[in-house]
Each structure stands twice: as structure tokens, then as C-alpha cells.
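> Right, I'll just put the structure down here and ask away after.
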Amino acid sequence: MARARPPPPPSPPPGLLPLLPPLLLLPLLLLPAGCRALEETLMDTKWVTSELAWTSHPESGWEEVSGYDEAMNPIRTYQVCNVRESSQNNWLRTGFIWRRDVQRVYVELKFTVRDCNSIPNIPGSCKETFNLFYYEADSDVASASSPFWMENPYVKVDTIAPDESFSRLDAGRVNTKVRSFGPLSKAGFYLAFQDQGACMSLISVRAFYKKCASTTAGFALFPETLTGAEPTSLVIAPGTCIPNAVEVSVPLKLYCNGDGEWMVPVGACTCATGHEPAAKESQCRPCPPGSYKAKQGEGPCLPCPPNSRTTSPAASICTCHNNFYRADSDSADSACTTVPSPPRGVISNVNETSLILEWSEPRDLGGRDDLLYNVICKKCHGAGGASACSRCDDNVEFVPRQLGLTERRVHISHLLAHTRYTFEVQAVNGVSGKSPLPPRYAAVNITTNQAAPSEVPTLRLHSSSGSSLTLSWAPPERPNGVILDYEMKYFEKSEGIASTVTSQMNSVQLDGLRPDARYVVQVRARTVAGYGQYSRPAEFETTSERGSGAQQLQEQLPLIVGSATAGLVFVVAVVVIAIVCLRKQRHGSDSEYTEKLQQYIAPGMKVYIDPFTYEDPNEAVREFAKEIDVSCVKIEEVIGAGEFGEVCRGRLKQPGRREVFVAIKTLKVGYTERQRRDFLSEASIMGQFDHPNIIRLEGVVTKSRPVMILTEFMENCALDSFLRLNDGQFTVIQLVGMLRGIAAGMKYLSEMNYVHRDLAARNILVNSNLVCKVSDFGLSRFLEDDPSDPTYTSSLGGKIPIRWTAPEAIAYRKFTSASDVWSYGIVMWEVMSYGERPYWDMSNQDVINAVEQDYRLPPPMDCPTALHQLMLDCWVRDRNLRPKFSQIVNTLDKLIRNAASLKVIASAQSGMSQPLLDRTVPDYTTFTTVGDWLDAIKMGRYKESFVSAGFASFDLVAQMTAEDLLRIGVTLAGHQKKILSSIQDMRLQMNQTLPVQV
């Protein structure tokens with residue numbers, strides 16, 4: 001059968017050139033450098049000069065011919081043109097093509113097709129299309145008859161149609177088509193072409209794959225990446241920061257799409273400190289000497305600030321010149337500064353034993369504006385030089401203060417008379433502590449004038465009779481010379497007519513007095529400068545005429561009282577021993593069960609029952625927790641992880657009830673029976689509680705997997721993280737309201753005789769209305785060791801949250817409602833500090849030691865005094881003296897009703913720089929006299945002052961103020977602070993038996 005004329009292959013002769021016009025050069029969309037897709041060729045017939053020798057079926061179908069391309073290079077092509085015969089099925093198969101691990105292959109076809117209408121006398125079966133197929137194999141296994149020449153096993157890619165066909169008189173028009181197929185999984189593949197009645201030439205076939213070229217973007221390097229199996233696939237390419245760059249967000253990756261183009265960058269790098277961007281974000285160049293860059297980022301290097309330099313590249317900070325420094329609070333871009341020069345023009349004005357110093361500002365402030373002054377006092381001996389001078393005593397007083405002065409004037413008093421002093425006025429600023437040299441100063445030498453002695457501190461009564469008083473006193477603290485004698489003034493209180501007596505000793509006997517009369521006595525010392533001031537009035541009383549008999553009885557009274565007391569103690573001891581023995585015999589077998597049950601019986605009172613007292617713990621679950629059908633539960637998302645598994649948010653829709661959000665705790669796969677029991681014990685505990693400030697149990701799922709506990713959903717999650725997220729956003733009343741809710745929940749638990757053991761802000765949940773609810777029941781005892789989380793520390797076989805736990809619970813595992821009160825005080829501190837970590841970065845052992853030494857947390861910033869006092873009440877060492885939760889609720893209610901009481905703010909500031917408060921509290925009830933108490937706090941020197949001023953009882957001492965201390969002669973600020981602090985503790989002990997007052 002004669003064939004129609006097929007489209008001729010390209011060849012050099014001019015007559016045939018019109019059949020193969022030059023290929024149309026389509027414009028390419030230029031991609032940025034480094035972002036253009038790469039194409040790797042697997043097979044290209046354009047470069048084959050020998051026979052292709054592809055397999056055709058039947059042999060009368062496709063025919064291999066030679067030709068030339070547009071550059072006159074010889075090429076091998078295939079053509080077919082059996083258009084005059086119907087039902088054509090001509091197949092052509094390439095050789096085996098190795099896949100090279102790519103998943104998707106592209107095929108570029110260049111061909112010409114003759115227009116069927118241009119061929120005369122052909123049947124209607126003439127076509128202008130052909131089909132493209134492929135067949136996968138692990139090796140070159142194809143033969144002339146295998147695989148079968150049909151669509152299955154061959155996989156069809158597409159039917160290829162030309163954009164343009166040509167007629168007999170037209171020049172051949174070359175069509176270019178690109179198709180792709182995948183995913184591929186075997187070692188290689190064959191391409192196959194099916195002709196069903198077309199007149200065409202297959203000029204060239206190219207099989208290739210695409211990949212994204214290696215690129216640099218956003219200071220990160222991304223490697224060459226093969227495209228995915230589908231045209232829409234996005235293949236992740238992990239990136240690495242370029243040299244001298246650091247990650248600023250992770251993960252660092254770029255997506256390679258099916259066209260071999262990069263898109264969707266995730267994460268980023270930026271230039272590290274000491275480096276600046278260069279070459280369009282493809283380099284991070286070191287800062288040259290003389291410049292620096294303190295922060296990572298895309299900013300440029302900056303010239304060094306004044307008085308600083310760099311000697312090497314890539315500097316993140318410029319070092320200061322010699323004798324120039326930066327303070328710790330100065331930023332890296334701050335200029336280096338130096339210490340100030342000495343103050344100028346120091347003027348002294350001496351008045352007896354006091355002094356006023358004034359001076360002018362230094363000539364050079366060192367380039368800073370934080371100038372302060374210190375005044376150093378040195379007392380000099382003899383006529384020697386500076387080596388004969390030593391620091392002044394602590395009783396020298398500086399007003400307004402000695403160190404850190406902002407004023408250029410200071411008043412100095414309580415100096416010794418006739419004494420030579422040297423005063424150094426130092427100028428310091430923020431970098432003085434950085435300098436190895438001492439601060440610069442201006443010195444002035446002065447000599448104090450003659451001065452009278454200071455006041456005699458105290459008077460003591462040695463003995464009294466019906467007509468005499470024997471008295472003694474301590475010398476003045478500042479005699480200001482040699483004491484010549486003492487003058488005593490005394491008078492009967494009812495008459496007021498004074499008499500005087502002189503003594504060269506510091507004691508005297510007053511005779512000729514009336515019996516049973518009260519006398520007022522004062523004494524003063526005299527030197528060559530004259531008399532000093534009289535001491536404060538002291539009152540003493542003579543005895544009556546019957547005093548001798550009474551005195552004898554008084555001498556025997558201790559013996560009588562001691563004997564009676566010893567007898568009473570013996571009787572009580574015998575009775576106690578007998579009672580203890582009887583109780584041990586009667587209740588010995590039941591004590592362990594009773595303590596474990598943690599309940600007491602009261603008419604009409606619901607009590608907590610420990611689920612671990614059940615022989616079968618599952619019985620407790622059935623009794624206290626409602627079983628929920630798993631079909632009613634829908635888990636939406638995982639919101640966290642717990643000790644036993646994941647914590648999820650979900651919905652609960654029970655028949656006849658509206659759908660509600662719930663929190664779902666799940667038990668992880670592979671649990672043991674003990675883990676299941678421990679997990680469900682929380683539900684057994686929670687199911688016994690019904691209070692608006694206790695997390696509500698919705699039910700449990702135990703009849704399917706996973707096992708679940710469902711509770712009400714709290715939108716704002718844990719209180720500590722919620723407060724940190726909203727730092728400073730709430731009023732004090734709102735915070736107190738949160739504390740009141742927590743206290744109300746704990747009051748309910750304590751009334752049910754339940755001890756929480758792990759009360760902390762992390763275990764308080766907050767809903768959308770800021771209602772706080774106590775949660776996490778019973779799980780802390782099962783926590784596993786986690787060295788990375790020091791919150792819980794092993795102690796006596798269990799896990800204890802040291803920072804929140806009372807001392808007796810840490811030492812003896814003695815958990816009670818009183819230990820929960822201690823933990824509640826820590827929660828108060830967490831709330832008022834907006835979620836700060838208690839005791840900051842102190843180790844657990846340091847916390848234990850500090851609490852044992854009676855140190856307590858200071859008030860958080862802007863914390864009302866009343867709230868911090870309530871915290872301190874919760875942290876009293878003796879658990880019996882801590883307030884009950886009912887008292888705490890009443891106190892907070894009063895504070896909320898009386899908002900003005902919350903405006904008194906504690907002066908201490910929260911933070912790492914604030915030391916713990918020393919709360920050493922001597923028990924005043926163990927002291928017989930006020931003097932014993934003063935000795936205990938190492939203030940015994942003031943015993944006579946207290947007694948002579950009339951402060952002889954603890955009730956009176958508890959009412960003393962700072963003015964009272966000044967009046968009785970306690971003038972040193974440190975001593976005043978120590979005594980007042982102990983008085984405050986004394987008041988606390990006196991009030992512990994009563995509800996906390998507001």
C-alpha cells in the first residue's frame with residue numbers, strides 16, 4: 001500500500017528548509033540569580049548521531065531517518081505516515097532510561113504533523129494526534145513482544161496534539177510539547193509513542209527532571225533539592241545559616257515547588273554581633289577595626305563611641321581607653337566615662353562636738369550625671385600623721401546620711417570633745433566601682449571644742465528601806481572629758497520640792513526619806529566644761545515599816561513556789577503517762593487506718609474519704625465519678641502534656657444536656673495497672689468536692705481506650721502563666737478577689753479534712769471570668785524524678801515542692817491544713833508579684849536553709865502592707881499560730897470592703913536585688929523580764945533605759961514607737977530598727993490567738 005508523503009525531516013538542502021523553520025524562541029521569565037529551576041537530562045536524542053534503534057511495532061509503522069537541526073547538526077528522527085490505511089496502531093518504544101532516584105520526569109517532544117485536509121483521497125481515520133506512554137522496570141527487560149503493546153501495562157501520559165499542522169505546500173512547522181509523569185518508584189522506565197493514523201515526524205525527544213538550585217536567601221544557605229512526585233508537591237529543604245549568621249526563628253527551611261522554584265520561606269537568619277550584611281543578604285561581613293555591632297540583626301556596624309576603641313575585626317563592643325569605664329547599667333553604645341575629680345572648696349563649721357561640712361561640685365564630672373558624695377570620718381590620735389588616724393565609731397551621726405549624698409552639705413554630730421578628726425569628702429559616680437583606684441576626695445582637718453558630758457543613760461535601784469534608797473547608774477556614753485562628779489536631784493512625787501546630793505562615784509545612798517513614799521530621781525555628770533543634761537526621770541519607792549517582815553517572806557517565796565511547782569509537775573507527769581498507755585492499748589490497731597482515712601465525724605458534715613483506703617480502688621471510682629459514654633466526647637486539640645499522658649480540649653454532649661467545653665486528661669498507652677489506679681485516683685478525689693472554687697469533675701471514661709478524666713474547661717489555664725502573660729494589667733481589688741476565691745476553695749477543702757499538699761499558682765486554674773479554682777488533686781505524690789525540673793524534690797520517699805511547702809512538712813512529712821496555709825501564703829506572693837518564681841533562682845537547699853533561719857520573702861512591688869502581713873502570718877514557724885482558712889477568708893472580705901486599707905503600700909521592692917526578710921522571732925513568753933528580752937536580741941545595753949522610762953512590762957513595750965525609743969536614748973538608727981522589728985514580732989505573737997485584724 002502506498003504511503004502518503006510524511007513530513008520530511010529537516011535537512012540542509014534549500015528546498016527542504018521551509019519544512020523545518022527555525023524554532024520559535026519563546027521569552028523566558030528570568031528568575032533572580034540562584035533561584036532559577038535547574039533541569040537535569042536523562043535522555044536527549046538531539047545529541048545522538050548513531051542509530052537510535054528503538055523498538056517499533058509493527059515494523060511497517062515507525063521509520064528511523066536522518067536529518068539536520070537548525071544549527072545543521074545531524075540528528076536521528078522517527079516518522080510515520082500510514083494515513084491511507086485504517087485502524088492504525090503503530091508503537092515506538094525508546095531504550096531503557098535510568099531514573100536516578102527522581103520521582104517525577106518531564107518529557108520534551110519536538111514534532112511536526114501534516115494537516116489531514118491537505119492529503120487527498122484519505123479515509124476519515126486520518127488523525128493529527130499521537131499518544132505518549134511510559135513503562136517502569138527495575139532493569140532493561142523489554143523485548144519485541146513484551147510488555148504487550150497496549151495501554152495496560154503501559155501507562156498513558158497524555159494525547160499529544162500539535163499547535164500547528166502543515167499542508168503539502170506549507171513549510172513544516174515544528175511543535176514543542178512538554179509533559180510530565182510520576183511518581184516513579186522503580187530503577188528506570190521506557191517511553192512509548194502510539195500512532196493511530198497520523199502523518200508526522202518525531203524530531204527529538206528529551207527526558208529530564210527538575211530541581212531547585214542551591215540558593216542563599218535571608219542569610220541562609222539552601223542546598224539543591226529535587227522536586228516532588230506531583231506538580232503541586234512542596235519539598236522541604238532545610239537551611240543553614242551562612243558563616244557569621246545566627247538563627248532568629250526556627251525551623252529554618254525553604255520549599256521547592258514542582259516547577260523547581262523556591263517559595264514559602266520559613267524561619268530566618270540574621271548577622272551575628274560584630275557582623276553586618278553585605279552582598280544583598282548573602283554575606284555577613286565582620287565589622288572593621290574601629291567599629292562594632294552590639295546586637296544581632298541587619299543593622300550596620302557603627303563607629304566606636306567616644307573614649308573607646310577596637311583593635312580587631314568583628315567586635316561586638318568597643319573596649320574603653322585606659323582609665324575610662326562603662327557602668328553595669330550602661331549600654332554597649334554608651335560612651336566610656338571616667339571617675340570625677342575631687343570636690344572643691346570644702347568648708348567646715350565646728351560647734352563644740354558637732355560639725356557642718358559644705359563643698360562645691362568637682363571640676364570634672366567624668367562625663368556622667370550620676371554624681372554622688374561619700375563622707376569618711378577618721379579620728380586621729382596624738383600629733384602623728386595619717387597613720388595615726390582610724391575610722392570613727394558607729395555612734396557618729398550623719399544627717400541626712402554618710403554615703404550616697406546628692407546634696408553638697410552634711411551635718412555631723414556625736415563627736416568626741418577635744419579630738420582631732422579628718423573628714424574626706426569623696427566624689428563618686430557610676431564607674432567609680434570599676435576603677436582600681438580609690439575615689440578622689442578633698443580632706444579637711446578639724447578639732448572639736450570643749451563640751452559637757454552626755455546624758456546619764458539609766459538609773460538602777462540596788463536596795464530600799466523605809467528611810468533610804470541605794471541607787472547606781474552607768475557613766476555617760478560620751479563623757480567628753482574626765483568626769484569630776486555627779487549631781488543627783490530627787491524629790492517626793494507628791495510634794496515636788498527637790499533636794500540635791502553630789503557623789504564622785506556612780507552610786508549614792510539617799511537617807512532621811514519617808515517610808516512608803518514614791519520619789520522622782522535624776523542625775524547628771526560634770527566635767528571641766530560644766531554639767532551635762534539630767535537623765536530622764538526615774539521613780540523609786542521606799543518600803544513601809546512592815547517591809548522587813550515582808551522582805552523575809554519574799555526571800556522565802558521562791559523556795560515555797562519551787563517546791564509546790566515540782567510536786568505539781570510530778571503528779572501531772574504520772575497522769576499523762578497513764579493516759580498515753582491506756583490510749584495505745586485501746587487504739588493502737590486503728591491509728592494507722594484513722595490517719596490514712598483523713599476524716600472526722602461531725603453531724604451533717606460531708607467528709608473526704610481517701611480512695612486508697614478502698615480494698616478495690618475501682619470501687620472508689622464507681623462511687624464518686626460518673627462514667628461517660630465515649631461517644632459523647634469529642635477531642636478537638638492537644639493543649640499540653642501531663643504526668644500520665646496528654647491533656648486535650650474537647651466537647652461533651654450528654655443526652656438531655658447542652659454541649660460544654662471540657663478539659664480531657666488521657667492515660668498514655670502501655671500503662672501499668674498501678675498507673676491506671678493512680679491516674680483515676682484524682683477523679684475519685686475530685687468527685688467528692690462541690691464548690692465554685694474547686695475544679696468540677698464532669699466524669700470519667702474507663703470502658704474504652706484511652707482512659708480519660710473529664711473536667712470543666714478553664715479558658716485562661718494555669719494562674720502563674722496567666723499572671724505573667726498579663727503582668728500589671730489588674731487592679732489590687734481584682735488580685736485580692738482572686739486570692740479570696742482560692743482561700744474559699746481551700747476553706748472548703750480544710751472543712752472536709754482534705755490536705756492538698758501541692759497548693760501553688762501552677763495548680764490554680766482561671767476561667768474567662770477570672771474565677772480561680774483549685775485543681776491537681778493527689779497527683780504530686782506520684783511524680784517521677786525529672787532532674788531538669790527542680791520544682792519537686794525527693795524527701796523521705798516522696799516528692800515535695802520545696803518552695804511552697806511548710807518547714808515541718810519538708811522535715812517530717814507532716815502535712816496538715818496548717819501546711820496548706822503556708823503554701824497559700826506563697827500563692828499570695830505569686831499573685832501579687834504576677835507569677836514570679838518564689839525565692840527566684842535560689843537552689844532548693846538554699847531555700848530550706850533560709851526558711852530554717854527565719855528568712856521570709858519580701859513584699860512584691862506595690863504590694864499592700866496588709867496583704868504582706870497576711871503572708872507573714874501564713875509563714876509563722878509554729879503551725880499552731882498560723883491563721884485558719886476561715887480567718888483568711890474573713891480578712892480578705894474585710895480588705896475588699898475597706899479598699900482604703902489596700903492603698904498602704906509596703907516599701908520593699910520585689911526582685912532579685914531585694915534580700916529575704918529576717919523574721920527571727922524570739923518568743924517573748926519565754927522571757928521573765930523586758931531585760932531578758934533585750935539581752936536575747938543583743939540590745940541589753942538599753943535595759944536600764946527601758947526600766948527607768950517605765951517600759952517594764954511586755955504590754956507597754958508592744959505599744960512603743962520610734963519616738964519612744966528616741967526619748968529613752970536609743971539614737972542609733974540600726975538599733976532602733978532592730979528593736980522595732982522585734983516589737984512588731986511581739987505584737988504578732990500577742991495577736992495570734994485572735995482572727996487576723998484589718
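The backbone N, Cα and C atoms fix where each Cβ goes, and this holds for glycine too.
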> Quick check on the record annotations: which of Tyr614, Tyr792, Tyr924 is tagged phosphotyrosine by Swiss-Prot?
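Swiss-Prot records phosphotyrosine at Tyr614.
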> Suppose a student reads Swiss-Prot and sees Ile639, Gly640, Ala641, Gly642, Glu643, Phe644, Gly645, Glu646, Val647 listed for ATP. Which of Lys665, Lys703, Lys747 should they find annotated at that same site?
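Of the residues offered, the record points to Lys665.
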> Which candidate in Asn445, Asn991 appears in Swiss-Prot with the annotation N-linked glycosylation site?
Asn445
> Starting from the ATP site formed by Ile639, Gly640, Ala641, Gly642, Glu643, Phe644, Gly645, Glu646, Val647, Lys665, give every other residue of that chain whose CB sits within 8 Å of the mean position of their CB atoms, in sequence order.
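Here the nearby residues are Cys648, Thr666.
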> Which ones in the same chain are close to Gly645 (ATP binding site), with CB under 8 Å and 6+ residues apart in sequence?
Lys665, Thr666, Leu667, Lys668, Phe679, Pro706
> So among Ile639, Ala641, Val647, Asp758, all listed as recorded positions, which is physically nearest to Cys199 (disulfide bond)? Use the C-alpha atoms.
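That would be Ile639, nearest by Cα distance.
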> Counting Cβ neighbours within 10 Å across all chains shown, tell me which of the recorded positions Cys199, Ile639, Val647 comes out on top.
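Answer returned by the neighbour count: Cys199.
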> Compute the C-alpha separation of Ile639 (ATP binding site) from Cys81 (disulfide bond), stating it in Å without decimals.
69
> Max Cα distance spanning Ile639, Gly640, Ala641, Gly642, Glu643, Phe644, Gly645, Glu646, Val647, Lys665 (ATP binders), Å?
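Across Ile639, Gly640, Ala641, Gly642, Glu643, Phe644, Gly645, Glu646, Val647, Lys665, the widest Cα separation comes out at 14 Å.
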> Quick check for the class: what is the C-alpha distance, in angstrom and rounded, between Cys81 (disulfide bond) and Val647 (ATP binding site)?
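A Cα-Cα distance of 71 Å.
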> Taking just the CA atoms, what is the gap between Val647 (ATP binding site) and Tyr614 (phosphotyrosine) in Å?
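For Val647 (ATP binding site) versus Tyr614 (phosphotyrosine), the Cα atoms are 27 Å apart.
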